[in-house]
Amino acid sequence: MAPERWDDEEDSVSPPPVAPRRRFDDEEEDEVLDSWDAAEDSEVEREKAAKAAEAKAKADAEAAAKKKSKSQRIQEHKEERKKKAEEEDSDSEEEDDADKRARLRRAQKDADLKHAEDLFGDIDLNRNRGAPKAIVISDSADPTQAVDLSAMPLFKPTTKEQFARLTSTLIPLLTPHSKKPHYSLWAQEFAKQLVKELNSADVKKIASAMTTMSNEKMREERAADKGSKKSKAAKTKVSLVTSRDNKLDADYDNGDDGLGDDDFM
């Protein structure tokens, strides 16, 4: 009977617990790095998605703006200017009159520039060192009415066609004053200022062109004077012949032939 008790004791003994495998330090660092990489990848993806959405929204806004007519853009510009003025008025109740006038002038100038952009096309407001300085034309009666001509594409020509357009715009504005006393003096000074930045070879070409034009003008004036002299001489000759004929007729009517009434007796 003793062996059976031993068997029971052996069956009742439980197996020893298995000790868990210990993780090494490098394994824990690898898991942390993997989690960081995953977080960085997700952050990069979110940034890419945000940039793509922003670019798409900007492109959609530009496309919608291009589809708008000029009248719609002008109307939106007026509404935007009115809204901006109202906001500035509400925010600057305590400002003095001088500051208010200066602010209104700046706002009007910005509004006029935007209005000119709507009328004449896109304006490059990112001026660099080579860009011309601002040429602001203001109304003497209302100083707040001012326009920067240098910002208009018309006054920033680069191609031959653009220079031709500039010429066709300025000439009709200037030549009507050619009969005024100071026009010729102004034209001389204006021409000097125009060629001031050119080299001597280009100035010589322009001077040669002016000489050619001067010679043509002289020929035209001489031809006109010659025609005028011929016409005047012809009129003088006709006048002399007519006067002589009238004198002869008058002498005949008056009996100025040297014969008296007694000569026939």
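Residue 1 is the first one shown; counting continues down the chain.
Glycine is no exception: its Cβ is also placed from the backbone N, Cα and C atoms.
If you check Swiss-Prot, you get these features:
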| type | residues | note |
| --- | --- | --- |
| COILED | 61-95 | coiled coil |
| COMPBIAS | 1-12 | compositional bias 'Acidic residues' |
| COMPBIAS | 26-44 | compositional bias 'Acidic residues' |
| COMPBIAS | 45-65 | compositional bias 'Basic and acidic residues' |
| COMPBIAS | 73-86 | compositional bias 'Basic and acidic residues' |
| COMPBIAS | 87-97 | compositional bias 'Acidic residues' |
| COMPBIAS | 216-228 | compositional bias 'Basic and acidic residues' |
| COMPBIAS | 251-265 | compositional bias 'Acidic residues' |
| REGION | 1-113 | region 'Disordered' |
| REGION | 212-265 | region 'Disordered' |
| note | DSSP assigns the residues of the compositional bias 'Basic and acidic residues' (216-228) as 13 helix, 0 strand, 0 coil
| said: Mean pLDDT across the coiled coil (61-95), rounded to an integer, is what? | reply: 70
